[in-house]
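To start, the structure itself, in structure tokens.
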Amino acid sequence: MEGPAFSKPLKDKINPWGPLIILGILIRAGVSVQHDSPHQVFNVTWRVTNLMTGQTANATSLLGTMTDAFPKLYFDLCDLVGDDWDETGLGCRTPGGRKRARTFDFYVCPGHTVPTGCGGPREGYCGKWGCETTGQAYWKPSSSWDLISLKRGNTPRNQGPCYDSSAVSSDIKGATPGGRCNPLVLEFTDAGKKASWDGPKVWGLRLYRSTGTDPVTRFSLTRQVLNIGPRVPIGPNPVITDQLPPSRPVQIMLPRPPQPPPPGAASIVPETAPPSQQLGTGDRLLNLVNGAYQALNLTSPDKTQECWLCLVAGPPYYEGVAVLGTYSNHTSAPANCSVASQHKLTLSGVAGRGLCIAAFPKTHQALCNTTQKTSDGSYHLAAPAGTIWACNTGLTPCLSTTVLDLTTDYCVLVELWPKVTYHSPSYVYGQFEKKKTKYKREPVSLTLALLLGGLTMGGIAAGVGTGTTALVATQQFQQLQAAMHDDLKEVEKSITNLEKSLTSLSEVVLQNRRGLDLLFLKEGGLCAALKEECCFYADHTGLVRDSMAKLRERLSQRQKLFESQQGWFEGLFNKSPWFTTLISTIMGPLIILLLILLFGPWILNRLVQFIKDRISVVQALVLTQQYHQLKTIGDCKSRE
């Protein structure tokens, strides 16, 4: 911006249809789906970049929601300028230039939304007065629509020269690390906290000088969010790709009392569990039933003498039991509030009365035994172990008070249980008999939520008590929690794929996920179909599986035993298929060459010796012939 100083700046200038088919199918399926939970915690990184040099002036990462992850960003003016202003005497290469730059005001103009007449990058988007929206100047530039405010830090302007503390003596006052003495503070405005940060936003910064041209620099602000959501599939629908048979039978270990170690024996460090593999349909559902059995067998062993545990084919697949508990406050998001713990599925059925957060509507106040309102401030409410917050926007282990203050969300603390029904053997066998038993009324289906509701708040999840039962109970409950978490993620992924699917309607209708999963188990002989349920027999030895699973286990053991008995040479052929071809190709020439090297000298010596012998014989014959002739001539002369 050129020209003399002005007396008064100008005023700021303020510049379908949904997928009905998918929605209808989801409503038909009875599954409540929301967008990503507003309480979902992400790893958010804000990056300030000098567009003149491409260097990063600030990179700040934090855990938070998309609503409250807007920290203050601190950096230095020289991080945005570099050596660009050296010709004006205000550059950052020398201490004097850094000190002089500190005495001038500065103003900032947005480049992401450029009003008419404000110019382009060359002018720093400040082509005329009134384009500036923030800065540190005597006329106090501001704006009601821009996304950020940029001010100077708390370093006094009259502080000494901006010497680099690493290059000068420590006695010199005013020396700072790197000679940075022009600190800036970037804050987000209310408009910035509501804006979309899908791409970088650009601003121009200029120093205000009474005469001459105001020097220009430009910077960008970018938000990077890790694990923000699943990838959008384009091509074959991935919903049914993980419908795999169980990889191996589930081994149920009965609880055993701990045995004291022998005197003088060193403590045994438990082996590290092998890395988990991606589970298919069979493994995931069987783990879910097995976890339910473990928890039920531990708390009510009389009910597992002989029973049938059944998975329902129709939703809801999970139930919630409202409980009372003590949550913990955190100023920053704890580790258990990660993206992997978030679920955008909502519960269609919650029983009991528990702890409620925020203002509940009258239609849901029957779920509240105690209602608490959040106080002022920004912090996270972490649910106790074994529980989760059930909100109208989804399931989450942590609540953000910032989100609760800005929205109409309401949440209740619940235990989450899979929809597993419990049947006695007589009822199940009666259903399969040719002449079915007639009941005056349909027997009441006992679910896991009715049998084990309140288990976590009773102390089992927290590990209350020092006996063996409490310890084993905690392990079994954690196994059930892990199985539920895996299954919830897969159901959630299936619904997301349905929402994003670009395939035909027939394929979308085919993806009634849980029905296909249970049909897959039934056709594989792994469960018995009882009405709309898939049932597994269980007794005190655990879940009974199909004999084919045991056969697969035996074959796997035999294969491992066979491989362990092989020598190292045989193992080479099994581990490297190309090794066999290579050996068979070069073995013939290699053997011939080896035979030549071994027997070649001996054969050559024998051949040379044979030739010498033959030559010696020939020479002897020649000499003998000559001697015979001389002797004959001598005899003739003597006769004469």
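Quick reminder: no glycine exception, Cβ is built from N, Cα and C everywhere.
Taken from Swiss-Prot, the feature N-linked glycosylation site covers ASN43 (among others), and the record attributes it to similarity to another entry.
The N-linked glycosylation site annotation in Swiss-Prot covers ASN58 (among others), and the record cites sequence analysis as its basis. According to DSSP, ASN58 (N-linked glycosylation site) sits within a strand segment.
The disulfide bond annotation in Swiss-Prot covers CYS109-CYS126 (among others), and the record cites similarity to another entry as its basis. Using a 10 Å radius centred on the Cβ of CYS109 (disulfide bond) and all shown protein chains, the other Cβ atoms total 31. CYS109 (disulfide bond) falls within a strand when secondary structure is assigned with DSSP.
Of all Cβ atoms in the shown protein chains, 23 besides its own fall within 10 Å of the Cβ of CYS118 (disulfide bond). Annotation source Swiss-Prot lists disulfide bond at CYS118-CYS131 (among others), citing similarity to another entry.
According to Swiss-Prot, the feature N-linked glycosylation site maps to ASN297 (among others), an assignment based on similarity to another entry. Using a 10 Å Cβ-Cβ cutoff, ASN297 (N-linked glycosylation site) registers 22 neighbours.
According to Swiss-Prot, the feature disulfide bond maps to CYS307-CYS310 (among others). CYS307 (disulfide bond) falls within a strand segment according to DSSP.
Counting every protein chain shown, 12 other Cβ atoms lie within 10 Å of the Cβ of ASN329 (N-linked glycosylation site). The DSSP secondary structure for ASN329 (N-linked glycosylation site) is strand. Per Swiss-Prot, N-linked glycosylation site is recorded for ASN329 (among others).
On its own chain, ASN336 (N-linked glycosylation site) has ALA382, PRO397, CYS398 as residues at least 6 apart in sequence with a Cβ closer than 8 Å to its own Cβ. DSSP assigns ASN336 (N-linked glycosylation site) to a helical segment in the three-state reduction. Residues or ranges marked as N-linked glycosylation site in Swiss-Prot: ASN336 (among others).
Of all Cβ atoms in the shown protein chains, 27 besides its own fall within 10 Å of the Cβ of CYS337 (disulfide bond). Here Swiss-Prot flags CYS337-CYS391 (among others) as disulfide bond, drawing on similarity to another entry.
The disulfide bond annotation in Swiss-Prot covers CYS356-CYS368 (among others). Listed in sequence order, LEU367, CYS368, ASN369, THR370, THR371, GLN372, TYR410, CYS411, VAL412, LEU413 are the same-chain residues six or more apart from CYS356 (disulfide bond) with CB atoms under 8 A from its CB. Classification of CYS356 (disulfide bond) by DSSP places it within a strand.
The Cβ neighbour count for ASN369 (N-linked glycosylation site), using a 10 Å radius and every protein chain shown, is 15. For ASN369 (among others), the entry in Swiss-Prot reads N-linked glycosylation site, with the evidence type sequence analysis.
Here Swiss-Prot flags CYS398-CYS411 (among others) as disulfide bond, drawing on similarity to another entry.
The coiled coil feature in Swiss-Prot is assigned to 473-509; the stated evidence is sequence analysis.
The feature region 'Immunosuppression' is assigned by Swiss-Prot to 510-526.
Residues annotated as disulfide bond in Swiss-Prot, with similarity to another entry given as evidence: CYS527-CYS534 (among others). For CYS534 (disulfide bond), other Cβ atoms within 10 Å of its Cβ number 24.
The feature transmembrane segment is assigned by Swiss-Prot to 583-603, with sequence analysis given as support.
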> So of all those recorded positions, ASN58, CYS109, CYS131, ASN297, which one's Cα sits nearest to CYS310 (disulfide bond)?
Replying inline: ASN297
> For CYS391 (disulfide bond), which DSSP three-state class applies?
Replying inline: strand
> What's the most sparsely packed of the disulfide-bonded residues CYS126, CYS131, CYS307, counting other C-beta atoms within 10 A?
Replying inline: CYS307
> Could you tell me the C-alpha distance between CYS131 (disulfide bond) and CYS109 (disulfide bond) in angstrom, no decimals?
Replying inline: 6
> Going by DSSP, is CYS411 (disulfide bond) part of a helix, a strand, or coil?
Replying inline: strand
> Taking each of ASN58, CYS391, CYS534 in turn, which of these recorded positions have a Cα lying within 10 angstroms of the Cα of CYS109 (disulfide bond)?
Replying inline: none
>> If I restrict to non-local contacts, at least six residues apart, and a C-beta distance under 8 angstroms, what lies near CYS391 (disulfide bond) in its own chain?
In response: SER37, HIS39, THR346, LEU399, ASP409, TYR410, CYS411
> Is any of the recorded positions ASN43, ASN58, CYS118, ASN297, ASN329 within 10 Å of CYS337 (disulfide bond) (Cα-Cα), and if so, which, in sequence order?
Replying inline: none
> Under 8 Å Cβ-Cβ from ASN58 (N-linked glycosylation site), six or more apart in the same chain: what's there?
Replying inline: TRP46, ARG47, VAL48, LEU73, TYR74, PHE75, ASP79, LEU186
